[in-house]
Amino acid sequence: MQPAVKLACSCQVIREALQKDINVMEKSSPVDLVTETDQRVEQLIISSIKEKFPTHSFIGEESVAAGAPSVLTDNPTWIIDPIDGTTNFVHRFPFVSVSVGFAIEFGIVYSCAEDKMYTARRGGGAFCNGEPINVSQQEGGASTTPVPSERTLADSFLPSLLYFSIPDISQSLVLTEMGFKKNPEHFKTMLRNINAILTIPVHGIRCPGSAAVNMCLVACGSADAYYHMGIHCWDMAGGAVIATEAGGVVMDVSGGPFDLMSRRLIVASSRKIAERISKEIKEFEVGRDDAGGQ
């Protein structure tokens, strides 16, 4: 995985671009944006990997937008989102990441503005900047997972904050995303689902704007669940491995097994939390990546 970690550091290109004027173009709608930096970073990552693995396959967000297929085969496949959170990038909102997934074997997410590198290999645990991470403990009882000190400004005089427990979903922080929907019924369902989760109740809902970062926030215990319908395999490939290896649960919004090409998922710190979210939210049709669904 080390070569891929070095590739993810190409997001230095993104950090430099944030200091300059950003040339923005539209893809499928006025809110589906792409920049020259998206395209440059994807080309850089793919060309670098091809030097070492010339026979491997690739699914990249901008390549698919340009007409390349989005189909998983038995051939080793890299799944790349060069800028996850392009709208954030355009507005210089700090949750912007590069996501690289190798099928379901390992994942890398680099949160550029935060300078945080999340990595995981199947069966090998999950890490942030080389330090092990774990999801919050959601089944009751005291957690043995320490809260990273950088997340608790008061930890020098409130040491009890270094350990915490969240016994049920009512004490959870949930992540999702809100945005334009072409179908007005889908828009209504999106708002209905937010209302359903908030009135469980939960501590709150946040919308950071980067699916890969959202999954990593669950993986490190900063949030307790994330659900989304309408994203793509390149949004999920890296983060899903990281969340799983951190002890989390990744499933379909129906409560069934996670399908990378289904364009929908729930990520949670426990199956109990994930199943409760599945029970509360209403599904809407989003198509499949391997069927050309947009």
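The backbone N, Cα and C atoms fix where each Cβ goes, glycine too.
The feature Mg(2+) binding site is assigned by TrEMBL to GLU61, ASP81, ILE83, ASP84, ASP235. Within the same chain, the residues at least 6 positions away from ASP81 (Mg(2+) binding site) whose Cβ sits under 8 Å from its Cβ are GLY60, GLU61, SER97, VAL98, SER99, ALA212, HIS232, TRP234, ASP235, ALA237, GLY238, listed in sequence order.
Of the listed binding-site residues, namely GLU61, ASP84, ASP235, the sparsest Cβ surroundings within 10 Å are found at GLU61.
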